[in-house]
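J.: Sharing the record's features from TrEMBL:
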type: TRANSMEM; residues: 33-62; note: transmembrane segment
type: TRANSMEM; residues: 204-222; note: transmembrane segment
type: TRANSMEM; residues: 243-262; note: transmembrane segment
type: TRANSMEM; residues: 268-289; note: transmembrane segment
type: TRANSMEM; residues: 296-317; note: transmembrane segment
type: TRANSMEM; residues: 329-351; note: transmembrane segment
type: TRANSMEM; residues: 377-397; note: transmembrane segment
type: TRANSMEM; residues: 403-421; note: transmembrane segment
Amino acid sequence: MNGSTQGLCAPATNGGWARVLEMANDSLISVGWALFVGFFLFFGNTNLFLCSCSSSYLPVLFPEGIRREKKDDLQPGDSSQALFEVGIHVSRTQSSCANLIIRCRSQEQSATAPDIASRTYVRIGVTKNSFTFAALSNACVPENEFGQCEGLLNAVSKHVNAFCRFSRPHTVIGTVIGIVSVSLLPVESISDISLIFFDGLLKALLPAIFMNIYVVGLNQLFDIEIDKVNKPRLPLASGEFSLEIGTAIVALCCVLSFALGVKSQSPAILSALLISFFLGSAYSINLPFLRWKQHAFLAASCILCVRAIVVQLAFFIHMQRYVLGRPIALTKSVVFATAFMCFFSAVIALFKDIPDVDGDRDFGIHSFSVRLGQEKVFWLCIKLLLTAYTTALAVGASSSNTYRKIVTVIGHGFLASILWFRAQSLDVENKVSITSFYMFIWKAS
């Protein structure tokens, strides 16, 4: 096993399922799983959640397929020792890896030889070299029990996939990258990169991620009928999630966000959460004087305010004042980052509505794309981004730091070139193409 931890599993005959015994102390994996805990608790089966981690790996665990065969050579009592061993070894580097062990054992204590011979068992095929297992080549489980476990894992996989779509992962990734980037700006020397720094970064990331899920989830709760036209793959629009489950996820994420914000003891983080909560709620909730997304200017202002100003300034101040312990002083780098993000946020606010004109028009959402047309809004977004990249090039070229000058000029010049060439060949009326380009903007900015 090359020193890797081993796990043994045999599905229980009385309906009990696998439990997670051990998870490696990889902090990023722990943070990721924290996002799913509250969601799966609402399905009333904690073991369903605990077993979910293995479902995505079934295709790579069994690349040769699963062979079903009769086991006629088992001796009395062997069924209680029949092991279905699964030990997922995900290698991150040569010396650092995350191990996820799932262990369960048959509760059947004995059996007669005829009983064993008459049952169909499943033998697991050869596995890929990139994964490490214990005695998988001879592992066997009863066919009916394996089928039940396989069905459970497939169900969990669908729930995880639906939750990922519900959380709008491109927005979560954008939030994480934005906070990490701005958190590095107050760093003055390598000694600032310490455990205290990473602790402060984690205190900023977790509540922000939960607030992000609250905001995008709340919007889906009030846009179910619109999303059936614009985004039918979202779990509420497709019926994968009920309204009750969606509401529970949104409420839980809101509570967790504020709980973590208060626990951080950082006024900057708490202020950012309160502003994001207010603007995100005002954007979506269908009440008098709210539902700001119906008005193009107010909708764009909400997104620009949160993404460009709140995220940049609040989390910069959090790291500078409440983590590194320095007096608050806005630097040139954070001013530049805020200005650049104003362009980017304006583009996101405008561009996101281009593929949604059909549903928005039908339900009275007066976005800029509905009012001005998709073509005009598209090229306005391209011009705004090119202006931002050109400004970044000018700032980089004027820098006295040679390394910073080279990276800034080459990096932004390269991104601007790709943006321009892709824009030339895009069919604005093709929903798939415009959505793909929208995701490219998130990545390129």
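The backbone N, Cα and C atoms fix where each Cβ goes, glycine too.
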J.: Using a Cβ cut-off under 8 Å, which residues of the same chain at least 6 positions beyond either end of the transmembrane segment (377-397) come close to it?
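T.: Distant Cβ neighbours of the transmembrane segment (377-397) are 336, 339-340, 343-344, 346-347, 350-351, 353-354, 368-369, 404-405, 407-409, 412-413, 415-416, 419-420, 423, 426, 428, 434, 441, 445.
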J.: Short question: which residues 6 or more past the ends of the transmembrane segment (243-262) have a Cβ under 8 Å from it?
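T.: Distal contacts: 38-39, 42, 163, 166, 203, 206-208, 210-211, 213-214, 217-218, 220-221, 224, 235-236, 269-270, 273, 277.
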J.: Thinking of Cβ pairs under 8 Å, which stretch from 268-289, 296-317, 329-351 has the most of them with the transmembrane segment (204-222)?
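T.: Maximum Cβ contact count belongs to 268-289.
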J.: So what's near the transmembrane segment (296-317) in sequence-distant terms, Cβ-Cβ under 8 Å and 6+ beyond its ends?
T.: 174-175, 178-179, 182-183, 185-186, 204, 208, 268-269, 271-272, 275-276, 279-280, 282-283, 328, 330, 334, 337-338, 341-342, 344-346, 348-350, 366-368, 371
J.: Any residues 6+ beyond the ends of the transmembrane segment (268-289) with a Cβ under 8 Å from its own?
T.: 203-204, 207-208, 211, 214-215, 218-219, 221-223, 254, 257-258, 261-262, 299, 302, 305-306, 310-311, 314-315, 317-318, 321-322
